[in-house]
Ligand code: DMJ
């Protein structure tokens, strides 16, 4: 659908399809062609910026981060190309079980970072792998969420940045394979989907039998779907519709969120607005069968996080037209402020988790993205909230920084607590690890862009130094098992999001504001830039 008509599609107008899986109504409009040149002309800034004169120290720091990216990529290429991730200690590849037989997660996640950093040769290597070796004809159980944010997000972003058709066609082909996950009584997708060919009969090939079938995660209570998973499809699915001219993607994203009624499609947001939310909060688990909350656990960290992120970013991506998403974001943030935001005895602001009315005074590393999100939202908040939200964003980011500075490695733990005696430190052995996650530097990047307070660049540079000291090994970067020792053991994993997010956000922190300008792009939750719709690109 053209951007200008998105509101209608989201509003569940006539093209919306029933949750039962009946085919969508035919689109009778003229054949669709996305006008890439027109899109490029609509951008307000060159994607890689104009590079005016800058101080040599900023440039040197940016170049250091570029070198880190090259090192991470070169080692992946040498030891693990075609596998999903690099194991930098044993110098081999890791496949894992999140991507249902898909390979090359690091290639796809790295593409746009290589492009933005002007690592031209490395970008060509990655592109060639996509052209020659990226096989979508796979069979296996994949996380709908992970495939969407990493593969679809990475391919879409690289298409928009380069205009190379191969990235668009792979994104669309893969997007099609995800659609059966929405065939549930409510239209809320389940978390796991088999990527095999749909409808293949068992006698044709026994492995293909499950193609297109979906499941809930075994660990999710009572077969529920996860808020952060079904709530983190919207940005990518709107772009799949945009590029294909096929409204089914937008409808699915909307459908999945909208049909909490068993019998008909309704708009998710209207329904979610009607569904009773405890104290205005969104629990993390929802049944795809009944459409009701399954457990009252609320978190702005894991299981909830990117649902909130995609509300404000949907509004921004729609060029501020999707007012429903904005209202949902504003209301959700108000409830979070009222019930979850706390100040520790030592004066640190944090966002607690909520379990059926009882607060757990804990913040996960994942929740540290919220400093950046709240800062981004604050710029567009009503006058009476703007300053408060700016302060909240800065305070949360500062608390997350404290979780780094209070460790021996100057890297932050997976989760930190504000219990008796502890302030922004992990209290459990199982929460002391750091797996190269991006959320803290993500917030530094947004806060830098929005305030230009030099402390954010200093804090980012501290992270660069800590990564170099504790995570860089002979053949890549590795996570560490304990941030509270200066001689940590390594976990032997170079996560693909390190190349997609951590290094990209660090690089952008030392760039001018016009490189992937926030006026032109929103970052998906894996840091893949998707364009804001300034105009209609239907050719
Ligand atoms: C990434 O895959 C994404 O940022 C996701 O939203 C959360 N987890 C990882 C990084 O920590």
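Just so it is clear, glycine is given a Cβ too, placed from its N, Cα and C backbone atoms.
Copied over from TrEMBL, here are the features:
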type	residues	note
ACT_SITE	146	active site, proton donor
ACT_SITE	305	active site
ACT_SITE	414	active site, proton donor
ACT_SITE	439	active site
BINDING	525	Ca(2+) binding site
COMPBIAS	1-11	compositional bias 'Polar residues'
DISULFID	368-400	disulfide bond
REGION	1-34	region 'Disordered'
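For ligand 1, the nearby recorded positions are 525; that is, of 146, 400, 525, these have a C-beta under 6 Å from one of its atoms.
On a Cα basis, residue 439 (active site) lies 5 Å away from residue 368 (disulfide bond). Around the Cβ of residue 439 (active site), a 10 Å sphere holds 24 further Cβ atoms from the protein chains shown. Counting in whole angstrom, residue 439 (active site) lies 9 from residue 400 (disulfide bond) by their C-alpha atoms. For residue 146 (active site, proton donor), the nearest neighbour among the recorded positions 305, 400, 414, 525, judged by Cα separation, is 525.
One residue stands out among the active-site residues 146, 305, 414 for having the most other Cβ atoms within 10 Å of its Cβ: 305. Shown in sequence order, 149, 153, 232, 305, 306, 309, 310, 369 are the residues of the chain, 6+ apart in sequence, with a C-beta less than 8 angstroms from the C-beta of residue 525 (Ca(2+) binding site). Comparing the disulfide-bonded residues 368, 400 by how many other C-beta atoms lie within 10 angstroms of each C-beta, the top residue is 368. Taking CA atoms as the reference points, residue 414 (active site, proton donor) and residue 400 (disulfide bond) are 11 Å apart.
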